[in-house]
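Colleague: Here you go, one structure.
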Amino acid sequence: MTCNSPPIEANPHSVSTEKPLLRALGGHPVWPPPLWLMRQAGRYLPEFRAYREKSPFLTRCLTPDIATELTLQPIQRFGMDGAILFSDILILPHAMGQALDFVENLGPVLTPIRDDAALDALQPEAVASFITPILETLRHLRRALPPATSLLGFAGSPFTVSCYMIEGRSSRDYSITREAMLKAPAFYDRLMALLTDATSEMLIAQIDAGAEAVMLFDSWAGLLPPRLFRRYVIAPTRQIVTAIRAQHPHVKIIGFPRLAGVMAPIYAQETGIDALACDTGASLDIVAESLPHSMALQGNLDPLILKAGGDALTQEAQNICRSMSHRPHIFNLGHGVMPETPPEHVAMLVEAIRTQKRPEIL
Ligand SMILES: Cc1c2[nH]c(c1CCC(=O)O)Cc1[nH]c(c(CCC(=O)O)c1C)Cc1[nH]c(c(CCC(=O)O)c1C)Cc1[nH]c(c(C)c1CCC(=O)O)C2
């Protein structure tokens with residue numbers, strides 16, 4: 001598919017001309033719930049693997065024709081209600097000049113930022129030009145997507161991105177980062193201020209280029225105890241939400257404080273987001289009890305159940321939908337699609353969600 005191809009066949013079950021995903025993000029219950037999956041564009045798809053063999057990950061992210069095609073693959077195959085830009089949360093530090101590579105079977109590898117000299121070498125002013133191809137991808141996608149499919153931009157939240165920037169790679173506990181936070185607060189706060197401003201500017205640029213909603217991934221938020229969670233997860237997120245709202249008051253924002261536990265509803269209330277994405281460990285109905293009815297919830301099927309398939313997949317997916325049928329809910333996973341997931345299971349999940357009967361409203 002090229003960027004000038006005709007729009008893809010829309011979700012046949014969608015009856016409203018308004019986009020179901022944006023309607024749910026606007027605080028309205030929608031049935032069946034709109035759905036998309038984190039990592040829906042990924043290695044579990046043979047058509048994704050075909051591109052992966054031809055070019056490195058960063059090239060795929062920064063080549064509009066390729067990034068557009070990869071974003072569209074799950075939409076073409078499953079008719080998802082949301083299309084998330086094919087990019088990565090680590091594009092931002094790379095755009096600032098931090099060396100980044102994605103190594104097979106290891107994941108991201110960066111030159112660690114451990115002192116003020118390394119911070120001084122970063123160039124936040126370079127981000128705007130570096131992300132030009134990503135903004136072009138968004139413009140292509142707005143033209144190529146079916147009318148009912150919403151286009152999602154995203155960024156990593158400052159704390160999670162700081163974990164990769166300081167650690168230099170994936171880690172079990174990001175202890176180097178968390179020690180820097182405690183032992184070198186002036187250094188760490190300087191990095192966080194840099195990331196908070198740059199993330200706000202990048203998301204505003206994504207919205208200017210066509211993103212209809214944006215998502216903030218704080219994938220390691222659950223590593224922090226409450227006091228630090230408030231300072232380094234909630235406060236930067238609130239700053240980013242405020243900055244986006246100043247430019248785009250009606251664009252919806254999804255926050256994903258992964259593994260936040262009891263802090264998740266507090267995060268939702270105190271950051272001003274429109275939708276709270278919940279990880280696998282959250283019970284949506286319990287989280288919902290402490291949030292305004294207008295706050296949309298997103299999630300949260302266990303990716304392992306999707307990989308396993310069978311009756312458990314259909315039953316668990318429909319249980320999640322039923323528990324949220326009275327609220328604005330976006331069906332998703334509690335984390336990304338696992339690479340070993342059979343694509344047939346995703347098709348089965350989409351069918352189960354779209355054809356289930358709506359529970360009687362009691
Ligand atoms: C932590 C994080 C990263 N990237 C991301 C997060 C937050 C979500 C999460 O918690 O998983 C976010 C992300 N990464 C990617 C997307 C867009 C695609 C989508 O979600 O559909 C999104 C939203 C592409 C990607 N980002 C990456 C891939 C795999 C690239 C490939 O193997 O070709 C994709 C499709 C690479 C990546 N990128 C990252 C890691 C740790 C890795 C290697 C491990 C892995 O592959 O999952 C950093």
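The backbone N, Cα and C atoms fix where each Cβ goes, glycine too.
Please treat TrEMBL annotations as automatic predictions, because they have not gone through curation.
It should be emphasised that the depicted structure is a prediction, and the values quoted were computed from it without experimental measurement.
Under the heading domain 'Uroporphyrinogen decarboxylase (URO-D)', TrEMBL lists 34-43, 152-168. Look at TrEMBL and you will find Arg39, Gln40, Ala41, Gly42, Arg43, Asp88, Tyr164, Ser219, His335 tagged as substrate binding site. Taken from TrEMBL, the feature site 'Transition state stabilizer' covers Asp88.
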Colleague: Listed recorded positions are Arg39, Ala41, Asp88, Tyr164; which sit with C-beta under 6 angstroms of ligand 1?
Modeller: Arg39, Ala41, Asp88
Colleague: Let me know the DSSP-derived helix, strand or coil state of His335 (substrate binding site), please.
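Modeller: Note: His335 (substrate binding site) is coil by DSSP, not helix or strand.
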Colleague: Name the residue among the binding-site residues Arg39, Arg43, His335 whose Cβ has the smallest number of other Cβ atoms within 10 Å.
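Modeller: Looking at the binding-site residues Arg39, Arg43, His335, the Cβ with the fewest others within 10 Å is that of Arg43.
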Colleague: Quick check for the class: what is the C-alpha distance, in angstrom and rounded, between Tyr164 (substrate binding site) and Asp88 (site 'Transition state stabilizer')?
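Modeller: Answer for this pair: 12 Å between alpha carbons.
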Colleague: Return the count of C-beta atoms lying within 10 angstroms of the C-beta of Tyr164 (substrate binding site), excluding that atom itself.
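Modeller: Tyr164 (substrate binding site): 27 neighbouring Cβ atoms within 10 Å.
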Colleague: By DSSP assignment, list the helix, strand and coil residue numbers for the domain 'Uroporphyrinogen decarboxylase (URO-D)' (34-43), in that order.
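Modeller: Taking each residue of the domain 'Uroporphyrinogen decarboxylase (URO-D)' (34-43) in turn, the totals are 0 helix, 1 strand, 9 coil.
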Colleague: DSSP three-state call for Tyr164 (substrate binding site): helix, strand or coil?
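Modeller: It is helical.
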Colleague: Which state, by DSSP, holds Asp88 (site 'Transition state stabilizer'): helix, strand or coil?
Modeller: coil
Colleague: Cβ neighbours within 10 Å, counted over all protein chains: which one of the recorded positions Ala41, Asp88 has the most?
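Modeller: In terms of Cβ crowding, the pick is Ala41.
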